[in-house]
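Below: one structure, written as structure tokens.
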Amino acid sequence: MNFLIFIAVASSLALGALCKKEGYPYDGNNCRYICFRNQYCDDLCKKLKGESGYCYGWNQSCYCYGLPDTEKTKPDKRCHSKG
């Protein structure tokens with residue numbers, strides 16, 4: 001019986017670790033976080049419960065790794081209107 005409980009807990013922990021995503025997080029205005037420094041993005045991503053992040057210089061937007069599935073990300077454009 002204890003073995004079955006152990007397997008159930010281990011499985012749920014493993015699934016939780018696998019359910020992470022990456023991408024450009026965005027704010028309440030549907031805009032990506034503009035950046036110039038990697039440290040700013042790394043701190044932002046960790047605040048959003050991600051593992052790490054960096055400033056993608058080509059489009060000057062924060063890119064995060066290991067975000068929870070509940071965090072919204074935009075794969076393309078920098079800013080979107082709410083309408």
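Using the three backbone atoms N, Cα and C, a Cβ is placed for every residue, glycine included.
Swiss-Prot has this to say about the protein:
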DISULFID  CYS31-CYS79  disulfide bond
DISULFID  CYS35-CYS55  disulfide bond
DISULFID  CYS41-CYS62  disulfide bond
DISULFID  CYS45-CYS64  disulfide bond
DOMAIN    21-80  domain 'LCN-type CS-alpha/beta'
SIGNAL    1-19  signal peptide
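Annotated features taken from Swiss-Prot, shown on the structure.
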residue	record	DSSP class
CYS31	disulfide bond	strand
CYS41	disulfide bond	helix
CYS55	disulfide bond	strand
CYS62	disulfide bond	strand
CYS79	disulfide bond	strand
Integer Å distance between the CA atoms belonging to CYS79 (disulfide bond) and CYS62 (disulfide bond): 13
Spatial neighbours of CYS79 (disulfide bond) that are distant in sequence (at least 6 apart) but have CB under 8 A: ASN29, ASN30, CYS31, ARG32
Length of the line joining the Cα atoms of CYS35 (disulfide bond) and CYS64 (disulfide bond), in Å: 12
When distances run from the Cα of CYS55 (disulfide bond) to each of the disulfide-bonded residues CYS41, CYS45, CYS64, the nearest one: CYS41
Cβ neighbour count (within 10 Å, all chains shown) around CYS64 (disulfide bond): 26
Spatial separation of CYS41 (disulfide bond) from CYS64 (disulfide bond) - C-alpha basis, Å: 8
Model confidence over the domain 'LCN-type CS-alpha/beta' (21-80) (mean pLDDT, whole number): 91
Cβ-Cβ neighbours of CYS41 (disulfide bond) (radius 10 Å): 24
Fewest other Cβ within 10 angstroms of its own Cβ, chosen from the disulfide-bonded residues CYS31, CYS35, CYS45, CYS55, CYS62: CYS31
